[in-house]
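S.K.: The structure follows.
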Amino acid sequence: MSYVFVNDSSQTNVPLLQACIDGDFTYSKRLLESGFDPNIRDSRGRTGLHLAAARGNVDICQLLHKFGADPLATDYQGNTALHLCGHVDTIQFLVSNGLKIDICNHQGATPLVLAKRRGVNKDVIRLLESLEEQEVKGFNRGTHSKLETMQTAESESAMESHSLLNPNLQQGEGVLSSFRTTWQEFVEDLGFWRVLLLILVIALLSLGIAYYVSGVLPFVDNQPGLVH
């Protein structure tokens, strides 16, 4: 069975709904252009989109959507148009326009559950199963991404609080970073061996100044020997 039979909707006194049941695209378009409400319902709360989707008439579904039909509308049992679908192209159209594949009616049944009960063809079942699997994977990825975002925000907040509580530390890190950058630029400009030679000359000058001031050579034991 490829669509849902609705006993009290097989004949209706609402022209637009009857046109959707009959699959009459031309008459449906004429009625919509004349101002008919695209969301008008039958006695069970079904809209034209429900009835067209149940019969796999994707052209009328697209027409109704163009004129403002609500793809999320539910009947009095909580069924969306997707719950009544039994055709691949109609399912793809509804899902691409915002209907969730895992949405439940008032009895807790998803479109996949109802499709299996109706015994629709295997291609439709496989499509619904694939869409449900993608929905679950997307939810898991979204949850993981949100957790990572929260953890990053908490880490940044903690670092900011630490910096506010320790302004001297933040200032010291800035000075150290500036000194390191300046030293690297100095070494690159002068050359490693020249810098090494300069350090050696400075060290020797320091030793000479120390001897001149104190009269004592550094690193030399200048204690007077014992007089015998």
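Glycine too: its Cβ is placed from the backbone N, Cα and C atoms.
As annotated by Swiss-Prot, repeat 'ANK 1' applies to 11-40. Residues annotated as repeat 'ANK 2' in Swiss-Prot: 44-74. The repeat 'ANK 3' annotation in Swiss-Prot covers 77-103. Sequence annotations record features per position, and here Swiss-Prot assigns repeat 'ANK 4' to 107-138. Feature annotation from Swiss-Prot assigns transmembrane segment to 195-215.
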S.K.: Could you tell me how many residues in the repeat 'ANK 4' (107-138) are helical, how many are strand and how many are coil under DSSP?
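M.R.: Its residues divide into 25 helix, 0 strand, 7 coil.
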S.K.: With DSSP, how much of the repeat 'ANK 2' (44-74) is helix, how much strand and how much coil, in residues?
M.R.: 16 helix, 1 strand, 14 coil
S.K.: Average pLDDT across the repeat 'ANK 2' (44-74)?
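M.R.: A mean pLDDT of 96 is what the predicted model shows over the repeat 'ANK 2' (44-74).
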